Each structure stands twice: as C-alpha cells, then as structure tokens.
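Please read the structure below before turning to the comments.
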Amino acid sequence: MAISGASGAIYGVRALEMLRGTGIEVHLIVTRSAQITLAQELRMKVADLRELADVVHKPDDIAASISSGSFQTLGMLVAPCSIRSLSEIASGVTSGLLSRASDVVLKERRRLVLMVRETPFHLGHLRSMTQVTEMGAIVMPPLPAFYINPQTVDEIVNHSVARALDLFGIDIGNVRRWGENIGFDIPKDAG
C-alpha cells in the first residue's frame, strides 16, 4: 500500500492499523509529500509507521520487490491518493516506486484501489480517473456514508477504509452495511 501527499493521511494510517492483525504481509510506500502531510496532520514520521507494516520501501526505490510483476501481491491500496499520483498512474509515468508499483499491479491485472482526495475536480482530474478506471483500477474517494449515522470522524474514517479493504476481499468485521442493523428503522413509506 502507499500513502501519497494528499490531505487525509489518516486513511493510510488507519488502513495499516486495520491490516495489522490480518496476517497479510503489508509493504508500504510513503512519498516525500506524504511525509510532510503525515507530520502536519498527524504529528507522525515514517518511523512511527514501521511497526504497522512488514516492509517500508523508500519512495524512490524502483528496485524494490514490489516493482516487479513476479512479486505476488493481492494488489495495492493508495490511501490517500493525490492528484499527482493519480495523474502519473493514468499516464503510465513511473517516476517513483508508488507509480511503478501501481503500474505493475495494473499490468498484472491485480486490484488497484485509489482513495483520491481532492475537491473540487476539474476536467483533467475526471479524465485521469476515467483513464485509470479503464485500465482496471478502482477510484474510491473516501466519501462519508451518512446512512451509518456516524458520531465521530473516526467512525467516518473507519468505514471508508474498511470499505476500501472490502474491495480486496478483506473483511475487517467492522463495516456497518446497508440492509443490516445500522441503528435505525427505515419508514415503510420512505420512497
């Protein structure tokens, strides 16, 4: 997985926390911009994340194991995904390990989930999202699910990250799903 420089570093950190007890080997890339965002938003450094990941790769190490299609993975989550990272992936530019590993995931037909964090979008952003979707990626902006009636920011973050992990077939067990008991009754005449 990767954490890029977009605002919302908590999404990447929470994904690492949720994956910790699953037995899944987690390789992590933290871009240079993400290092700044981590410090600003969460008062964290890459060193603070080392215990949450099995392997932490340098963002420019394009000789890393995950830069080769022969290295087997379930796929890759980029949380959050900056527009810069999205644009590089969409255009096939592999200037660093995040874009190279993403490119490998796509060429090997594995799952790539991009939690794109930007607002508002301009046409170029939308076209990049279309391009990566056509290439096989899933664009999943971390939008709140208000039907779960979240009471805290943590509940919003947890739900978004757990839904992203769902896309890899990883059920953390804490997703409140529509149609299940989510704490309220839907009126019969709701339309």
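Even glycines carry a Cβ here, placed using N, Cα and C.
Among the candidates Arg111, Arg117, Arg127, Arg163, the residue that TrEMBL names alongside Gly5, Ala6, Ser7, Thr31, Ser82, Ile83, Arg84, Ser85 for the FMN site is Arg117.
Report note: the FMN site is defined by Gly5, Ala6, Ser7, Thr31, Ser82, Ile83, Arg84, Ser85, Arg117, and the residues of the same chain whose CB lies within 8 Å of the CB centroid of those residues, excluding them, are Ser4, Ser33, Ala34, Thr37, Pro80, Cys81, Leu86, Glu118. If you take every residue in the domain 'Flavoprotein' (2-163) and average the pLDDT, you get 97. The distance from the Cα of Gly5 (FMN binding site) to the Cα of Arg163 (dimethylallyl phosphate binding site) comes to 21 Å.
Overall, the recorded FMN-binding residues Gly5, Ala6, Ser7, Thr31, Ser82, Ile83, Arg84, Ser85, Arg117 cover a maximum inter-Cα distance of 15 Å. Arg117 (FMN binding site) is surrounded by 22 other CB atoms, counting those within 10 A of its CB over all protein chains shown. In sequence order, Ser4, Gly5, Ala6, Thr31, Ser33, Arg117, Glu118 make up the list of same-chain residues 6 or more apart from Ser82 (FMN binding site) whose Cβ falls under 8 Å from its Cβ.
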